Every structure is written in structure tokens, then in C-alpha cells.
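Would you mind keeping the following structure in view while I ask a few things?
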Amino acid sequence: MAEGKVAMRTQFPPSAESQKPRLKKAPEFPILEKQNWLIHLHYIRKDYEACKAVIKEQLQETQGLCEYAIYVQALIFRLEGNIQESLELFQTCAVLSPQCADNLKQVARSLFLLGKHKAAIEVYNEAAKLNQKDWEICHNLGVCYIYLKQFNKAQDQLHNALHLNRHDLTYIMLGKIHLLEGDLDKAIEIYKKAVEFSPENTELLTTLGLLYLQAILAAGSMMQTHGDFDVALTKYRVVACAVPESPPLWNNIGMCFFGKKKYVAAISCLKRANYLAPFDWKILYNLGLVHLTMQQYASAFHFLSAAINFQPKMGELYMLLAVALTNLEDTENARRAYAEAVRLDKCNPLVNLNYAVLLYSQGEKGGARAQYQEMEKKVNLLKDGSSLDFDPEMVEVAQKLGAALQVGEGLVWTKPVKDPKSKHRTTSTSKATSFQQPLGSNQALGQAMSSAAACRKPPSGAGGTSQLTKPPSLPLEPEPPVAAQPPEASAQTREK
């Protein structure tokens, strides 16, 4: 008989966990930074349109509270040239995270790009309070002070930046400050330290080499000014081996030959300089001067007219043009040129004297007398303001003209030495004993020696030293390196 087996099952008491009520799933809150990785990816790939689309979506989800999205949006606006919009967004980032120095640095940079250097300095100072060991803040403060022409404060900040962390760009900016101040030796010293720190930087090596060449040009220019033409040419020969295509070099060599009265060689060198730098008015001026000396008045007119196109505010150029026109028998245009020279040049008495000679030769004694009296006023001002003396030829012609016009008896001339104001550019076309043509014999023109313009502070509009390029922007986005140029050590022929 088969018995049915009853399956026996063990009964376990219910666990305590199973008796607890099951909790509901927590609600999902929006994560502010959940797409930051995607924004960053699009940004570094320079896919700005896709990046802006993700930023827009992220800001909509977070109701405009995602700091990173706003930060990248501001960077994109800056790259697109919308500096004011980027400034407003960076200011929003600074409000969302007031203790972040990077946000303040970006606000300051936008202010710098807008030209608000004082406001940028204030924001950088606030950023420095949050991070006192950030070399970028010190560097950028130095750059802002450079634009405000506060070079001492700029040097202090740049030295602080170098103390915190040495960078090539800081050395470059510090060297350019010394160049702006005209201190070539200190600039060379800074660039030497920079080359020792970064010997592979070609920009630093090139600039240092050009500064050494500038120093040689300046030394040759000083010798040239004192009449040591052979020694100056020896210096220039060294530079010519290294930089054979330097317009200032060939300009100086040409004026050396001019001082030695080798006019054909002077014209050859000056024309080479003009070929290398066709828009340099100083080279065109010198070419006009040499052609006037050689009595090639049509060529002189050509080069002086070109110089006036590039430097229309210099009275002496119009005076030389009038001299050329007088010898080309175009007295009407010569008088116009003299009138413009008198209007522009308020210091050089030779302009009025030449004009008076022309008017006297045309029989206009009244106009000649008026110009002579203007010359007397300028001479008296020059004597009262400094211990300058005057060119002997100018003195002789002025005395004879004064006797002919029966004026000038009370004018007392100092000992006959050349006047630095007209030492190199006092030119015209005839002997001093003749009143038929304006002033300036070949002897006077032969005294036109090259000046050491690089060793003096040039006046505005006629600087002999080409300044290096303007200081680069801040290191967050450094400018590409620009090849430095050798300064025009003595591209002019007048002494400052």
C-alpha cells in the first residue's frame, strides 16, 4: 500500500526588514555641472557653434547659475571681438564666485582690452589680495602701468613677477621699458639675462643681437657727429657684415661720404637706403640735401617733394623745396613754399632769412624787411633761451642784407660758430656774398654731417630712433613674436 508523502516545509518567521515599508525613489535634482565636460571638449576643439548650443541648453536647465558655462561663453565672446559682452559675463562669474581670483583676472583683462587701464589695475589689485603668489597678476599690472607711462611702477611689478616665476614675456616687457626710457645698456643687460634663462628663444636672441648692432650704430653716429668719418665708417663696416639690408646703416654711411664731400658715393648709399625703406622721409630728406649740394635741383625737388608727402608738418622741408624751386626759376611756387615754411617753423631764423633774400631779389623790400625782423626776433629768443651760436655764413648774409635794407643795426651776433638748430639742414643754393639767390653755399651744405639721433631724445614727429613695436598684450593670450628692427641710429641729418 502506497502511502502518500506529505512534503514538510520549514516555516521561518518573517524578517524585520520585510516588515519595513519600502521607501520611494529620491527625486532627481538638476546637476549644474553635468555638461561641463562637453562644453570644455567643444571649446578646446574650437567648435564654438556647438559649444554655444550646449552652453545655452545648460544655462536654461540651471536657470543661468552654471558658472563654468558663463565663463566659457565669455571667452568665446572675447575671441569674437565682443569685449563688452565678455566683460559683463565675467562680472557675473565674479558675483557667483567672489573668492575666485581667476574670475577677477578675466574681468581685469577685459577692462584692459577696452583701454580702461586704471580700472584694470584696481581689479588686478583685488585679485592680488586673493592670490598673492600669482606671477600673472604682477606681470599684467606691469603692462597696465606701461600703458599709463608709469615706468617705475611697471618695473617694480615686473620684477615681482620674475621673483615669483621667471617667464620670457616678462623679460621682454622689462627690456622694452628700458628701451622706451632710452637706456640701451640696461635693456641689453635684461635681454642677456633672458637669453641665459631661455637660450632656445629665437625672439630673445634676435632682439639681443639687434641691440648690440644698435649700440655700434650709436657709437658710429657719435663719431660721425664729431667729424670722425673714417672711424665711423669702420664701425659701420662691422654692422654691414651682420645686417647688410639695414636702411639706417646705409643712410649713415651715405652721410659719412657726404661729410667727406664724396657726393656720388653718398647718393649711391642713400639710394640703397631709399630702396630698402622707400617710405622713410629722413632718407628722402638727405637725398634732397645732397642733390642740392651738387646743384641738381630737379632731382632735389623730386626727393624733397616725396619727403613732404610723408612729413607735411616740417617747415625746413618746405624751405629746401623753395630753394630748389628758386633755382629752377619757379619763383611763384618758391614763395608759396617759403610762406608754408614760415607758418610751420617758429624757431629757425634761417627760414625767414632765406625768404627775405628771395623777396629782396624780387624787389619787394617791404616784405623782405618784415621777414628780416621776424628773423631778428627768433635770433634774440635763441640767444636768450640758451647759449647757442650761429653759423658764420648766416651771420654774414644777415649783416649784408640788414645793411641793404637799413635794418638790423641793433642785432648783436655771438661768435661765429654753427647753430645746432640749423647745423645740418641750413641749405640753399648760392654764395653768401650774393643776394640774388637764397642762403647756403656748397660749403655750408658740406657741413651737414650725420647726427647721433639715437643718443638723444628725439622730438615728436622727427624721431631718429625707431621705437620698437608697442608692448604686447597680457600673457593670457600673448601676441605672436614680432621681429625687432634695428633703430635708426642717425637717420636724420640735423642734431636734436
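Cβ from N, Cα, C; glycine included.
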Need the matching range: TrEMBL marks region 'Disordered' on one of 1-21, 22-42, 379-399, and I'd like to know which.
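Checked against TrEMBL: region 'Disordered' maps to 1-21.
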Check the repeat 'TPR' (101-134) for me and report the mean pLDDT.
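Within the repeat 'TPR' (101-134), the model's average pLDDT equals 92.
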For the repeat 'TPR' (281-314), jot down how many residues DSSP puts in helix, in strand and in coil.
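Result for the repeat 'TPR' (281-314), in helix, strand, coil order: 27 helix, 0 strand, 7 coil.
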Do you know the DSSP helix, strand and coil residue counts for the repeat 'TPR' (101-134)?
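Result for the repeat 'TPR' (101-134), in helix, strand, coil order: 27 helix, 0 strand, 7 coil.
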